[in-house]
Amino acid sequence: MAKSSATKDAQALFHSLRSAYAATPTNLKIIDLYVIFAISTALIQVVYMAIVGSFPFNSFLSGVLSCIGTAVLAVCLRIQVNKENKEFKDLPPERAFADFVLCNLVLHLVIMNFLG
């Protein structure tokens with residue numbers, strides 16, 4: 001009996017999350033897809049390193065750190081662009097995107113410097 005109530009609770013939770021996410025604006029969903037893509041790319045690189053090896057270790061670290069850093073910056077962009085976030089209400093979306101682009105530029109310059 002406890003399993004069936006736990007299953008019902010889990011199904012209710014997933015249903016409420018799905019219905020809440022359906023109301024999310026499209027621009028936030030696009031940012032979410034970008035974050036998922038960046039994280040999955042990092043995971044693919046880690047699996048590749050585990051299977052094949054990490055001979056140029058600097059290249060492996062640069063690729064993974066680039067993916068993770070880009071995902072973190074995209075999450076920050078999502079927080080700033082979200083209309084329901086009261087902390088960044090005065091920040092225009094164009095400014096948030098410009099910050100995202102500038103921080104990505106700095107991140108990738110550091111990554112390129114790390115490559116040697």
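Placement of Cβ uses the backbone N, Cα and C atoms for every residue, glycine included.
The feature topological domain 'Cytoplasmic' is assigned by Swiss-Prot to 1-32, 78-95, with sequence analysis given as support. Among the features that Swiss-Prot reports, transmembrane segment is placed at 33-53, 57-77, 96-116, with the record citing sequence analysis.
Residues in the topological domain 'Cytoplasmic' (1-32) partition by DSSP class (helix H, G, I; strand E, B; coil) as 28 helix, 0 strand, 4 coil. In the topological domain 'Cytoplasmic' (78-95), the DSSP tally of helix, strand and coil residues is 10 helix, 0 strand, 8 coil.
Model confidence over the topological domain 'Cytoplasmic' (78-95) is summarised by a mean pLDDT of 89.
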